[in-house]
Every structure is written in C-alpha cells, then in structure tokens.
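Reviewing the structure listed below.
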Amino acid sequence: MDKIIFTAILIVFPFGQLVKWNGINLFDVLVLILAVLTFFKKAKYPKWYRYFIYFILAGLFSLVVNYKLTEIKSVLYLVRLLSYSYVAIYVANFVKKKLAISYWLLAVSVAGATFGWLQYLFLPDVRFLKFFGWDDHLYRMVGTFFDPTYLALIILLGIIIAVFTKKTKTFYFLLISLAFTYSRATYLALGLFLVYKRKFLAILVFVITVFLLPKMLSEGTNFGRVVSNQNKILNYVETIKVVKKSPAIGVGFNNFCLARENVDPDSHSCFGSDSSLLLILATTGVVGFILFLNFVLHLPNSSVLISSFLLVLVHSMFANSLFYPHIMFWLFSLVGLESEVDRKQR
C-alpha cells in the first residue's frame, strides 16, 4: 500500500495546483497518508531526526504560549511539516533502489517544465487566475503551479540532479525552460550553482537565452520591475515587526498573519512572510531559529543534498519556498536518500 501511495505522490507532483479543490491539495493528502503508514510500520529513525523534532517541539511550545492567537489552521501547518518529514523516513527505510529517487525527481522536474511549455505556448495570458486568488501573469512560464517562482525552483532542483547524474540534454532543456519563468530569485540561485560547478558554457547559454527573451510584454517580464521589490521590502519590515513582538519564542508556527494584523492593523495583506528564514524567526523565535539551524547542520553530508538545500535557502530569501509543499517533499526525499538506518532492527 505504501509503495502505491509513494508512486501516486510522484505522479501527482507535476500537476501542481490542478489537484487542489476547496483549499485541499491531493498532494498534501497523499503525503499525510504516507506519513501515517510509515509511522505504523515502525520505521527506524536516522540520528538527524531528533534535531528536527526539537524544532517541531519549539514550534508547538510557541503555539501553546500564544494560544490566544492560535487557530486550528496554525496547528495544521505544523502537522503538515511533520508529515512531510516522514517522506525522508519512508525513503530511508523502505525504498530499496534509492538511486532511483534521483531519477524520479528529475522526471518530475522535466514533466513540470513540459507542462510549463504547454502553458507558455498555448495559454500565455493567465491573468484570469487573479479571480481565483493567484497572481496575474502574462507571458511568463507558470505551468501547473500557477506561480513562476516555484516552478522555476522545481526546475532548478532538477538542474542540480541533471548535473550530478550527467544528463546533459535534460540539463539544457531545464536550463532554457527556467529562463522563461523570468524568476530573478531563481536566476540568482542558478548563477551561484553554475559558477560553483564551473559550468561556464551553461552560463553563456543561459545569458544568451535571457538576452533574447521577449522583454516589456508585461510587468512580470520586465527585469527592472520595482513594484515587486518594494512589496518585498515592505513585507520584510512587517515581518521584523512581528519578530520584535516575541523575539525569544516567536508568535507560534504558523500564526504569522494573525500576529501581523495585531502588530500592524493597517496591513490588509495576509500572504505570510516573503522570507522563510524570517518566518521561522518570527514564528518560533530565536530559540526555534537556533534549533532549526542545528537540525540543518546534522543533515547527511551529500553534494546533491547540500547544493539543493543551500540554493533553496538562497531562494527562500525572496519567497517562502522552504515550506512550499512540493519543495519540502523534494528536499526530504533527498534527505531520506542519504540517511542511514539499521533496517535489521525494524
């Protein structure tokens, strides 16, 4: 049963927001089912997991202390994070052909980029999505995730695997696809990775592709756009105000929106923090932030995992990408791939 669920998750992954109804995403539901099945199969836990639980407990403690702000939705965010961590436990314990994980994830990234091309070529104007609560985009690759920033990051994570598995054709397909998202945050993360890996030909190809991209067709395709920059700065300022409200233990994971309304009643935006690290600091405080960093430092030492995690952290300075469901699944899959457990003692 667990194998069927895990396979279903991989199949559903590239369909992004198309499998979301009334606020419930099939992707989240399948991961939760996998977590429950893994728990009852009495899996063994890697050494790093205790440090992750310390962070979870910090988030839970902050929720209890800030019970006046806490809603059931806030608790569910913590439950979701815990359930996604079980992806790593499942992979570490029950996936025999672990190397296949990398190729499955690469296939998912390619599928996401392919859907992105279909959208870009046949439905370049997705401004109608604004009526459904999404940002309006024109002539940008958003794919099935309805957001170029997150699609770009999923493509970037695929690029990392393509480099380490030496899939050259796939690498360049994903590289060119990423350019059409016009995601500056992902461009930055990609540039850091390509320079580190000394992929100078790839840098040249990407720069030429970006230079040839259609410009000024919309605000989103204008690399000099300042409105989004101003909004992010405002978001950072509001997040820091929330941090100051309870710097030691935070306002509760994830009570951010309610806390921000209390700190700044004039703010009508409630889309969370545009920085994952600032979000951790605001919701779990300095204590939770230190425990999170301690968890990261105890993760398995792997080139693919470290590259992926660090680039997601860079990306998460401009978007709350670290806690995006599909990104959490990806990272925890890689963590599970590199984790060691004593299977004989199960």
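Every residue, even glycine, has its Cβ placed from backbone N, Cα and C.
The transmembrane segment annotation in TrEMBL covers 23-40 (among others).
Residues 75, 78, 81-82, 85, 246, 249-253, 255, 258-259, 262, 283-285, 287-288, 291-292, 294-295 of the same chain sit 6 or more residues outside the transmembrane segment (52-69) yet have a Cβ under 8 Å from a Cβ within it. Summarising the annotation, TrEMBL assigns transmembrane segment to 52-69 (among others).
Residues or ranges marked as transmembrane segment by TrEMBL: 75-95 (among others).
Proximity of distant same-chain residues to the transmembrane segment (102-122), defined by a Cβ-Cβ separation under 8 Å and at least 6 residues beyond the stretch ends, is recorded for 10, 13-16, 139-145, 151, 154-155, 157-159, 161-162, 164-165, 167, 170, 173-174, 177-178, 180-181, 304, 330, 333-334, 337. Annotation source TrEMBL lists transmembrane segment at 102-122 (among others).
Feature annotation from TrEMBL assigns transmembrane segment to 142-164 (among others).
Per TrEMBL, transmembrane segment is recorded for 171-194 (among others). Tertiary proximity for the transmembrane segment (171-194) is limited to same-chain residues at least six positions away from its ends with a CB under 8 Å from its CB atoms, namely 109-110, 113, 116-117, 120, 140-142, 148-149, 151-153, 155-156, 158-160, 162-163, 200, 202-203, 205-206, 209-210, 213, 220-221, 223, 307, 311-312, 314-315, 317-319.
Sequence annotations record features per position, and here TrEMBL assigns domain 'O-antigen ligase-related' to 172-293.
The feature transmembrane segment is assigned by TrEMBL to 200-217 (among others).
The transmembrane segment annotation in TrEMBL covers 277-297 (among others).
Residues or ranges marked as transmembrane segment by TrEMBL: 309-337 (among others).
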Any idea what the model's mean pLDDT is for the domain 'O-antigen ligase-related' (172-293)?
84
Could you name the stretch, out of 23-40, 75-95, 142-164, 200-217, 277-297, with the greatest number of CB pairs under 8 A to the transmembrane segment (309-337)?
75-95
Under 8 Å between C-beta atoms and at least six residues away from its ends: which parts of the chain pack against the transmembrane segment (200-217)?
138-139, 171-172, 175-176, 178-180, 182, 187, 190-191, 194, 223
Taking the transmembrane segment (23-40) as reference, which of 75-95, 142-164, 277-297 has the most Cβ pairs under 8 angstroms?
75-95
For the transmembrane segment (142-164), the distant same-chain contacts (Cβ-Cβ under 8 Å, at least six residues beyond its ends) come to 14-18, 102, 105-106, 108-110, 112-113, 115-116, 119, 126, 129, 134-135, 170-171, 174-175, 177-178, 181-183, 185-186, 189-190, 193, 197, 199, 220, 303-304, 307-308, 311-312, 315, 318-319, 321, 324, 326-327, 330
